[in-house]
Amino acid sequence: MASRFFALLLLAIPIQAQSPVWGQCGGIGWSGPTTCVGGATCVSYNPYYSQCIPSTQASSSIASTTLVTSFTTTTATRTSASTPPASSTGAGGATCSALPGSITLRSNAKLNDLFTMFNGDKVTTKDKFSCRQAEMSELIQRYELGTLPGRPSTLTASFSGNTLTINCGEAGKSISFTVTITYPSSGTAPYPAIIGYGGGSLPAPAGVAMINFNNDNIAAQVNTGSRGQGKFYDLYGSSHSAGAMTAWAWGVSRVIDALELVPGARIDTTKIGVTGCSRNGKGAMVAGAFEKRIVLTLPQESGAGGSACWRISDYLKSQGANIQTASEIIGEDPWFSTTFNSYVNQVPVLPFDHHSLAALIAPRGLFVIDNNIDWLGPQSCFGCMTAAHMAWQALGVSDHMGYSQIGAHAHCAFPSNQQSQLTAFVQKFLLGQSTNTAIFQSDFSANQSQWIDWTTPTLS
(Lines of atoms letter the chains of each structure in order from A; the text may use other names.)
(Lines give C-alpha, C1' and ligand atoms only; values in the text may rest on other atoms or scores of the structure.)
Protein backbone atom coordinates (compact mmCIF):
# COMPACT_ATOMS: atom_id res chain seq x y z
CA MET A 1 0.00 0.00 0.00
CA ALA A 2 2.76 2.40 1.00
CA SER A 3 4.72 1.69 -2.18
CA ARG A 4 1.61 2.35 -4.26
CA PHE A 5 1.06 5.64 -2.40
CA PHE A 6 4.61 6.83 -3.14
CA ALA A 7 4.29 5.77 -6.77
CA LEU A 8 1.12 7.84 -7.09
CA LEU A 9 2.85 10.73 -5.32
CA LEU A 10 5.69 10.64 -7.81
CA LEU A 11 3.23 10.69 -10.68
CA ALA A 12 1.55 13.73 -9.15
CA ILE A 13 4.78 15.73 -8.97
CA PRO A 14 5.05 17.89 -12.10
CA ILE A 15 8.11 17.35 -14.21
CA GLN A 16 9.96 20.65 -14.50
CA ALA A 17 10.69 21.61 -18.08
CA GLN A 18 14.30 22.18 -18.99
CA SER A 19 15.84 24.37 -21.65
CA PRO A 20 17.77 22.64 -24.43
CA VAL A 21 21.40 23.33 -25.24
CA TRP A 22 21.71 26.90 -26.60
CA GLY A 23 18.23 27.75 -25.28
CA GLN A 24 17.39 30.58 -22.88
CA CYS A 25 17.32 29.72 -19.18
CA GLY A 26 16.82 33.02 -17.38
CA GLY A 27 16.80 36.79 -17.36
CA ILE A 28 14.52 39.66 -16.44
CA GLY A 29 11.06 38.98 -17.84
CA TRP A 30 11.83 35.34 -18.67
CA SER A 31 9.02 32.96 -17.65
CA GLY A 32 10.35 29.77 -19.22
CA PRO A 33 12.58 27.01 -17.82
CA THR A 34 15.47 28.09 -15.61
CA THR A 35 17.36 24.79 -15.65
CA CYS A 36 19.15 23.09 -18.52
CA VAL A 37 19.11 19.57 -19.88
CA GLY A 38 21.87 17.25 -18.79
CA GLY A 39 25.33 18.20 -19.98
CA ALA A 40 24.50 21.91 -20.19
CA THR A 41 25.02 24.78 -17.78
CA CYS A 42 22.95 27.97 -17.45
CA VAL A 43 25.31 30.91 -17.99
CA SER A 44 24.25 34.52 -17.35
CA TYR A 45 25.49 37.05 -19.91
CA ASN A 46 23.62 40.01 -18.45
CA PRO A 47 20.60 40.51 -16.17
CA TYR A 48 18.30 40.06 -19.17
CA TYR A 49 19.66 36.92 -20.78
CA SER A 50 21.02 33.56 -19.63
CA GLN A 51 21.77 30.70 -22.01
CA CYS A 52 22.23 26.93 -21.71
CA ILE A 53 25.62 26.06 -23.11
CA PRO A 54 27.55 22.77 -23.06
CA SER A 55 29.14 22.32 -19.63
CA THR A 56 32.53 21.77 -21.26
CA GLN A 57 32.39 25.34 -22.59
CA ALA A 58 30.88 27.04 -19.56
CA SER A 59 34.16 27.97 -17.89
CA SER A 60 35.40 29.85 -20.94
CA SER A 61 32.16 31.65 -21.75
CA ILE A 62 31.87 35.39 -21.65
CA ALA A 63 29.62 36.17 -18.69
CA SER A 64 28.70 39.65 -17.57
CA THR A 65 28.39 40.58 -13.91
CA THR A 66 27.29 44.12 -14.63
CA LEU A 67 24.33 45.18 -12.54
CA VAL A 68 21.66 47.38 -14.07
CA THR A 69 20.45 50.27 -11.97
CA SER A 70 16.78 51.16 -11.88
CA PHE A 71 15.66 53.62 -14.53
CA THR A 72 12.35 55.33 -15.07
CA THR A 73 11.32 56.88 -18.36
CA THR A 74 8.24 58.84 -19.29
CA THR A 75 6.60 59.02 -22.68
CA ALA A 76 7.39 62.28 -24.45
CA THR A 77 4.88 63.93 -26.72
CA ARG A 78 7.17 66.39 -28.48
CA THR A 79 8.03 65.55 -32.05
CA SER A 80 10.63 68.16 -32.80
CA ALA A 81 14.05 69.13 -31.57
CA SER A 82 16.21 72.15 -32.07
CA THR A 83 19.91 72.26 -32.75
CA PRO A 84 22.03 74.76 -34.65
CA PRO A 85 21.95 73.95 -38.38
CA ALA A 86 25.18 72.49 -39.68
CA SER A 87 26.46 72.26 -43.20
CA SER A 88 27.12 68.73 -44.33
CA THR A 89 29.53 67.24 -46.79
CA GLY A 90 28.97 64.06 -48.74
CA ALA A 91 31.54 61.58 -49.97
CA GLY A 92 34.03 63.07 -52.38
CA GLY A 93 33.45 66.53 -50.92
CA ALA A 94 29.98 67.04 -52.43
CA THR A 95 28.23 70.06 -50.93
CA CYS A 96 24.90 69.13 -49.38
CA SER A 97 22.00 71.18 -48.09
CA ALA A 98 22.00 71.43 -44.31
CA LEU A 99 19.11 70.26 -42.20
CA PRO A 100 17.27 73.13 -40.51
CA GLY A 101 17.96 73.60 -36.84
CA SER A 102 14.38 72.74 -35.94
CA ILE A 103 12.45 70.04 -37.75
CA THR A 104 9.04 68.44 -37.33
CA LEU A 105 9.01 64.69 -36.94
CA ARG A 106 6.17 62.66 -38.41
CA SER A 107 5.19 59.17 -37.40
CA ASN A 108 6.14 56.40 -39.83
CA ALA A 109 5.54 52.80 -38.81
CA LYS A 110 7.70 51.49 -41.67
CA LEU A 111 11.46 51.74 -42.07
CA ASN A 112 12.53 55.13 -43.36
CA ASP A 113 13.28 55.46 -47.08
CA LEU A 114 17.05 55.43 -47.60
CA PHE A 115 16.62 57.17 -50.95
CA THR A 116 14.42 60.14 -50.05
CA MET A 117 15.91 63.24 -48.44
CA PHE A 118 14.21 64.62 -45.35
CA ASN A 119 12.75 67.44 -47.48
CA GLY A 120 11.20 64.90 -49.86
CA ASP A 121 13.74 65.11 -52.69
CA LYS A 122 14.45 61.76 -54.34
CA VAL A 123 17.98 60.37 -54.46
CA THR A 124 18.92 59.46 -58.03
CA THR A 125 22.73 59.77 -58.09
CA LYS A 126 25.63 58.52 -56.02
CA ASP A 127 26.57 62.10 -55.11
CA LYS A 128 23.03 62.74 -53.90
CA PHE A 129 23.15 59.53 -51.86
CA SER A 130 26.32 60.74 -50.16
CA CYS A 131 24.30 63.82 -49.14
CA ARG A 132 21.55 61.53 -47.86
CA GLN A 133 24.17 59.69 -45.81
CA ALA A 134 25.42 62.96 -44.34
CA GLU A 135 21.83 63.87 -43.48
CA MET A 136 21.12 60.50 -41.85
CA SER A 137 24.35 60.79 -39.87
CA GLU A 138 23.27 64.14 -38.50
CA LEU A 139 19.77 62.89 -37.66
CA ILE A 140 21.15 59.83 -35.84
CA GLN A 141 23.52 62.03 -33.84
CA ARG A 142 20.79 64.54 -33.08
CA TYR A 143 18.16 62.10 -31.84
CA GLU A 144 19.96 58.93 -30.71
CA LEU A 145 23.73 58.89 -30.32
CA GLY A 146 24.82 62.46 -29.56
CA THR A 147 27.19 64.79 -31.37
CA LEU A 148 30.49 63.41 -32.63
CA PRO A 149 33.31 65.96 -32.24
CA GLY A 150 35.96 66.21 -34.92
CA ARG A 151 39.70 65.99 -34.50
CA PRO A 152 40.80 67.89 -31.37
CA SER A 153 42.83 71.08 -31.59
CA THR A 154 46.03 69.27 -30.73
CA LEU A 155 46.93 65.64 -31.33
CA THR A 156 50.33 64.01 -31.00
CA ALA A 157 51.37 60.38 -30.95
CA SER A 158 54.33 58.20 -30.06
CA PHE A 159 55.15 54.54 -30.52
CA SER A 160 57.29 52.28 -28.35
CA GLY A 161 57.46 48.50 -28.34
CA ASN A 162 53.95 47.50 -29.38
CA THR A 163 52.23 50.44 -27.69
CA LEU A 164 50.84 53.47 -29.48
CA THR A 165 50.22 56.50 -27.26
CA ILE A 166 47.72 59.15 -28.34
CA ASN A 167 47.70 62.61 -26.75
CA CYS A 168 44.74 64.94 -27.36
CA GLY A 169 44.14 68.52 -26.29
CA GLU A 170 41.10 70.79 -26.47
CA ALA A 171 40.28 74.13 -24.80
CA GLY A 172 43.05 73.85 -22.23
CA LYS A 173 42.28 70.24 -21.31
CA SER A 174 44.32 67.19 -22.31
CA ILE A 175 44.08 63.42 -22.19
CA SER A 176 46.31 60.51 -23.13
CA PHE A 177 45.41 56.92 -23.94
CA THR A 178 47.11 53.90 -25.49
CA VAL A 179 46.40 50.94 -27.74
CA THR A 180 48.53 47.84 -28.19
CA ILE A 181 49.32 46.26 -31.54
CA THR A 182 49.85 42.55 -32.16
CA TYR A 183 51.62 41.97 -35.46
CA PRO A 184 51.00 38.98 -37.73
CA SER A 185 53.61 36.29 -38.26
CA SER A 186 53.09 36.51 -42.02
CA GLY A 187 52.69 39.29 -44.54
CA THR A 188 54.70 42.43 -45.19
CA ALA A 189 54.71 45.79 -43.42
CA PRO A 190 52.92 48.14 -43.46
CA TYR A 191 50.21 45.73 -42.33
CA PRO A 192 46.46 46.06 -42.62
CA ALA A 193 44.90 46.11 -39.17
CA ILE A 194 41.66 45.45 -37.32
CA ILE A 195 40.83 47.62 -34.33
CA GLY A 196 39.14 45.38 -31.77
CA TYR A 197 36.90 46.85 -29.10
CA GLY A 198 38.06 45.18 -25.90
CA GLY A 199 40.46 43.21 -28.08
CA GLY A 200 37.64 41.75 -30.18
CA SER A 201 36.29 38.19 -30.26
CA LEU A 202 37.22 37.15 -33.79
CA PRO A 203 40.25 35.00 -34.65
CA ALA A 204 43.18 37.05 -35.91
CA PRO A 205 43.36 36.75 -39.72
CA ALA A 206 46.63 35.82 -41.40
CA GLY A 207 48.67 38.83 -42.46
CA VAL A 208 46.59 41.31 -40.45
CA ALA A 209 47.65 43.19 -37.31
CA MET A 210 45.22 43.33 -34.37
CA ILE A 211 44.87 46.56 -32.38
CA ASN A 212 43.51 46.21 -28.85
CA PHE A 213 41.30 49.25 -28.19
CA ASN A 214 40.15 49.68 -24.58
CA ASN A 215 36.88 51.45 -25.34
CA ASP A 216 35.80 51.32 -21.68
CA ASN A 217 38.70 53.67 -20.95
CA ILE A 218 37.29 56.22 -23.40
CA ALA A 219 33.70 56.00 -22.11
CA ALA A 220 32.55 53.79 -19.26
CA GLN A 221 29.71 51.27 -19.66
CA VAL A 222 29.28 49.97 -16.13
CA ASN A 223 25.62 50.97 -15.75
CA THR A 224 23.54 54.10 -16.32
CA GLY A 225 25.33 55.74 -13.40
CA SER A 226 28.61 55.65 -15.35
CA ARG A 227 27.40 58.23 -17.90
CA GLY A 228 29.93 60.97 -18.49
CA GLN A 229 32.90 58.96 -17.19
CA GLY A 230 36.04 58.25 -19.22
CA LYS A 231 38.77 59.99 -21.19
CA PHE A 232 36.37 61.46 -23.76
CA TYR A 233 34.39 63.23 -21.04
CA ASP A 234 37.56 64.37 -19.30
CA LEU A 235 38.27 66.28 -22.50
CA TYR A 236 34.79 67.45 -23.51
CA GLY A 237 32.95 67.52 -20.18
CA SER A 238 30.74 65.02 -18.40
CA SER A 239 27.58 66.64 -19.77
CA HIS A 240 28.55 66.28 -23.44
CA SER A 241 25.65 64.97 -25.55
CA ALA A 242 27.62 62.02 -26.92
CA GLY A 243 26.66 58.64 -25.59
CA ALA A 244 29.35 56.05 -24.97
CA MET A 245 29.19 54.59 -28.50
CA THR A 246 29.80 58.00 -30.08
CA ALA A 247 32.66 58.60 -27.66
CA TRP A 248 34.20 55.26 -28.66
CA ALA A 249 33.90 56.13 -32.35
CA TRP A 250 35.72 59.37 -31.60
CA GLY A 251 38.46 57.32 -29.93
CA VAL A 252 38.79 55.01 -32.94
CA SER A 253 39.23 58.05 -35.20
CA ARG A 254 41.99 59.34 -32.95
CA VAL A 255 43.75 55.97 -33.13
CA ILE A 256 43.72 56.21 -36.93
CA ASP A 257 44.95 59.82 -36.72
CA ALA A 258 47.84 58.64 -34.57
CA LEU A 259 48.70 55.77 -36.90
CA GLU A 260 48.88 58.28 -39.77
CA LEU A 261 51.28 60.40 -37.72
CA VAL A 262 53.56 57.49 -36.74
CA PRO A 263 54.70 55.42 -39.75
CA GLY A 264 56.98 53.52 -37.39
CA ALA A 265 53.91 51.67 -36.16
CA ARG A 266 54.01 49.82 -39.53
CA ILE A 267 50.24 49.95 -40.13
CA ASP A 268 48.65 50.62 -43.52
CA THR A 269 46.06 53.26 -42.62
CA THR A 270 44.24 52.73 -45.92
CA LYS A 271 43.40 49.17 -44.80
CA ILE A 272 41.74 49.50 -41.41
CA GLY A 273 38.92 47.34 -40.05
CA VAL A 274 36.97 47.47 -36.79
CA THR A 275 35.22 44.77 -34.76
CA GLY A 276 33.59 44.06 -31.43
CA CYS A 277 31.02 41.67 -29.99
CA SER A 278 27.73 42.21 -28.18
CA ARG A 279 27.79 45.70 -26.61
CA ASN A 280 31.13 46.28 -28.29
CA GLY A 281 29.61 45.05 -31.56
CA LYS A 282 27.12 47.92 -31.33
CA GLY A 283 30.08 50.25 -30.90
CA ALA A 284 31.96 48.76 -33.83
CA MET A 285 29.00 49.40 -36.13
CA VAL A 286 28.78 53.02 -34.96
CA ALA A 287 32.50 53.51 -35.56
CA GLY A 288 32.21 52.06 -39.05
CA ALA A 289 29.26 54.33 -39.78
CA PHE A 290 30.95 57.53 -38.63
CA GLU A 291 34.61 56.96 -39.61
CA LYS A 292 35.03 56.76 -43.37
CA ARG A 293 38.68 55.67 -43.15
CA ILE A 294 37.46 52.28 -41.90
CA VAL A 295 37.22 50.04 -44.96
CA LEU A 296 35.76 46.95 -43.25
CA THR A 297 33.29 46.88 -40.35
CA LEU A 298 32.75 43.56 -38.56
CA PRO A 299 30.04 43.86 -35.87
CA GLN A 300 29.44 40.57 -34.09
CA GLU A 301 26.16 39.70 -32.32
CA SER A 302 25.35 43.37 -31.76
CA GLY A 303 21.57 43.03 -31.34
CA ALA A 304 19.59 46.06 -30.15
CA GLY A 305 21.51 49.26 -30.80
CA GLY A 306 23.49 47.46 -33.49
CA SER A 307 22.11 45.39 -36.35
CA ALA A 308 18.50 45.29 -35.07
CA CYS A 309 15.90 47.91 -36.03
CA TRP A 310 13.92 49.61 -33.27
CA ARG A 311 10.63 49.44 -35.18
CA ILE A 312 10.89 45.73 -35.96
CA SER A 313 11.93 44.88 -32.40
CA ASP A 314 8.99 46.80 -30.94
CA TYR A 315 6.62 44.89 -33.22
CA LEU A 316 8.13 41.51 -32.32
CA LYS A 317 7.93 42.41 -28.62
CA SER A 318 4.22 43.18 -29.08
CA GLN A 319 3.84 39.69 -30.57
CA GLY A 320 5.36 38.06 -27.48
CA ALA A 321 9.04 37.82 -28.43
CA ASN A 322 11.64 38.04 -25.67
CA ILE A 323 13.63 40.78 -27.32
CA GLN A 324 15.45 43.94 -26.24
CA THR A 325 13.78 47.17 -27.33
CA ALA A 326 14.62 50.86 -27.27
CA SER A 327 12.58 51.50 -24.13
CA GLU A 328 14.48 48.80 -22.25
CA ILE A 329 18.01 49.36 -23.48
CA ILE A 330 18.33 52.92 -22.19
CA GLY A 331 18.18 51.52 -18.66
CA GLU A 332 21.15 49.21 -19.18
CA ASP A 333 24.13 51.44 -20.02
CA PRO A 334 24.88 54.99 -21.25
CA TRP A 335 25.41 53.95 -24.86
CA PHE A 336 23.07 56.63 -26.23
CA SER A 337 22.54 60.35 -25.84
CA THR A 338 20.03 61.26 -23.13
CA THR A 339 17.98 62.89 -25.91
CA PHE A 340 17.10 59.37 -27.09
CA ASN A 341 15.18 58.78 -23.85
CA SER A 342 12.38 61.04 -25.11
CA TYR A 343 11.81 58.91 -28.21
CA VAL A 344 12.08 55.29 -27.05
CA ASN A 345 8.34 55.09 -26.45
CA GLN A 346 7.49 56.77 -29.75
CA VAL A 347 9.95 55.06 -32.07
CA PRO A 348 7.87 55.63 -35.25
CA VAL A 349 8.62 59.38 -35.15
CA LEU A 350 12.36 58.80 -35.45
CA PRO A 351 13.49 59.89 -38.95
CA PHE A 352 15.80 56.86 -39.19
CA ASP A 353 16.31 53.35 -37.87
CA HIS A 354 19.35 51.11 -37.73
CA HIS A 355 19.17 50.20 -41.40
CA SER A 356 20.03 53.90 -41.80
CA LEU A 357 23.02 53.56 -39.46
CA ALA A 358 24.36 50.56 -41.40
CA ALA A 359 23.77 52.35 -44.72
CA LEU A 360 26.24 55.05 -43.66
CA ILE A 361 28.97 52.46 -44.24
CA ALA A 362 28.11 51.94 -47.94
CA PRO A 363 29.91 51.42 -50.27
CA ARG A 364 32.66 50.35 -47.85
CA GLY A 365 32.81 46.80 -46.55
CA LEU A 366 30.37 45.54 -43.92
CA PHE A 367 30.06 41.95 -42.75
CA VAL A 368 27.41 41.50 -40.04
CA ILE A 369 27.98 38.39 -37.93
CA ASP A 370 24.91 37.37 -35.93
CA ASN A 371 23.59 34.62 -33.66
CA ASN A 372 20.00 33.40 -33.28
CA ILE A 373 19.67 34.15 -29.56
CA ASP A 374 16.17 35.52 -28.89
CA TRP A 375 17.37 38.46 -26.80
CA LEU A 376 19.50 39.73 -29.69
CA GLY A 377 16.42 39.85 -31.91
CA PRO A 378 17.55 37.66 -34.80
CA GLN A 379 14.43 38.35 -36.88
CA SER A 380 14.81 42.08 -36.30
CA CYS A 381 18.51 41.95 -37.18
CA PHE A 382 17.93 40.06 -40.41
CA GLY A 383 15.01 42.26 -41.48
CA CYS A 384 16.91 45.41 -40.61
CA MET A 385 20.07 44.42 -42.45
CA THR A 386 18.02 43.26 -45.45
CA ALA A 387 16.74 46.84 -45.70
CA ALA A 388 20.25 48.25 -45.20
CA HIS A 389 21.60 46.03 -47.98
CA MET A 390 19.59 48.08 -50.46
CA ALA A 391 22.13 50.89 -50.10
CA TRP A 392 24.89 48.67 -51.48
CA GLN A 393 22.56 47.35 -54.18
CA ALA A 394 21.73 50.90 -55.29
CA LEU A 395 25.44 51.71 -55.48
CA GLY A 396 26.12 48.64 -57.62
CA VAL A 397 28.30 46.88 -55.03
CA SER A 398 25.87 44.50 -53.33
CA ASP A 399 28.69 42.10 -52.44
CA HIS A 400 30.40 44.78 -50.32
CA MET A 401 27.87 44.01 -47.58
CA GLY A 402 27.30 40.54 -46.19
CA TYR A 403 25.16 39.01 -43.48
CA SER A 404 25.56 35.67 -41.71
CA GLN A 405 23.32 34.45 -38.90
CA ILE A 406 24.32 31.09 -37.46
CA GLY A 407 23.17 29.80 -34.07
CA ALA A 408 23.85 26.82 -31.80
CA HIS A 409 26.83 28.42 -30.10
CA ALA A 410 27.52 30.57 -27.06
CA HIS A 411 27.25 34.34 -27.23
CA CYS A 412 30.41 35.82 -28.80
CA ALA A 413 31.87 32.36 -29.49
CA PHE A 414 32.75 32.65 -33.17
CA PRO A 415 31.73 29.37 -34.89
CA SER A 416 34.08 27.66 -37.32
CA ASN A 417 31.42 27.51 -40.04
CA GLN A 418 31.57 31.30 -40.38
CA GLN A 419 35.35 31.32 -40.75
CA SER A 420 35.47 31.06 -44.55
CA GLN A 421 32.97 33.93 -44.83
CA LEU A 422 35.02 36.15 -42.53
CA THR A 423 38.19 35.24 -44.42
CA ALA A 424 36.60 36.23 -47.73
CA PHE A 425 35.74 39.72 -46.45
CA VAL A 426 39.14 40.23 -44.84
CA GLN A 427 40.95 39.12 -47.97
CA LYS A 428 38.87 41.41 -50.20
CA PHE A 429 38.93 44.61 -48.14
CA LEU A 430 42.14 44.36 -46.12
CA LEU A 431 44.39 42.23 -48.31
CA GLY A 432 43.25 43.37 -51.75
CA GLN A 433 42.36 39.91 -53.06
CA SER A 434 39.50 38.90 -55.32
CA THR A 435 37.08 36.80 -53.26
CA ASN A 436 33.39 35.92 -53.27
CA THR A 437 31.63 38.00 -50.62
CA ALA A 438 28.07 37.56 -51.93
CA ILE A 439 26.96 36.23 -48.54
CA PHE A 440 23.49 36.85 -47.11
CA GLN A 441 22.05 34.04 -45.00
CA SER A 442 19.70 33.46 -42.08
CA ASP A 443 17.25 30.83 -40.84
CA PHE A 444 14.61 33.55 -40.79
CA SER A 445 12.76 35.29 -43.59
CA ALA A 446 12.36 39.04 -43.98
CA ASN A 447 8.84 40.34 -44.57
CA GLN A 448 9.93 43.28 -46.68
CA SER A 449 6.41 44.45 -47.55
CA GLN A 450 5.65 44.95 -43.86
CA TRP A 451 8.57 47.32 -43.37
CA ILE A 452 9.59 48.68 -46.76
CA ASP A 453 7.30 50.78 -48.95
CA TRP A 454 10.06 52.21 -51.13
CA THR A 455 12.10 50.87 -54.01
CA THR A 456 15.81 50.60 -54.65
CA PRO A 457 17.03 52.89 -57.42
CA THR A 458 20.07 52.31 -59.62
CA LEU A 459 22.21 55.31 -58.75
CA SER A 460 24.23 56.92 -61.52
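Using the three backbone atoms N, Cα and C, a Cβ is placed for every residue, glycine included.
From Gln18, Gln141, Gln441, the position flagged in Swiss-Prot as pyrrolidone carboxylic acid is Gln18. Between Cys277 and the candidates Cys52, Cys96, Cys131, Cys412, Swiss-Prot annotates a single disulfide bond, the one to Cys412.
Looking at the stretches 150-155, 198-203, 276-281, the one that Swiss-Prot records under the feature motif 'GXSYXG catalytic site motif' is 276-281.
Annotation in Swiss-Prot places Cys131 in a disulphide bond whose other cysteine, of Cys96, Cys168, is Cys96.
For Cys309, the disulfide partner named by Swiss-Prot among Cys168, Cys384 is Cys384. Among the record's substrate binders, Lys282, Gln324, Glu332, Trp375, no two C-alpha atoms are more than 14 Å apart, and one pair sits at exactly that spread. In sequence order, Met245, Gly276, Pro299, Ser302, Gly303, Ala304, Gly305, Gly306, Trp335 are the residues of the chain that are 6 or more apart from Lys282 (substrate binding site) and have a CB within less than 8 Å of its CB. A distance of 11 Å separates the Cα atom of Trp375 (substrate binding site) from that of Ser278 (active site, nucleophile).
The average pLDDT for the domain 'CBM1' (18-53) in the predicted structure is 66.
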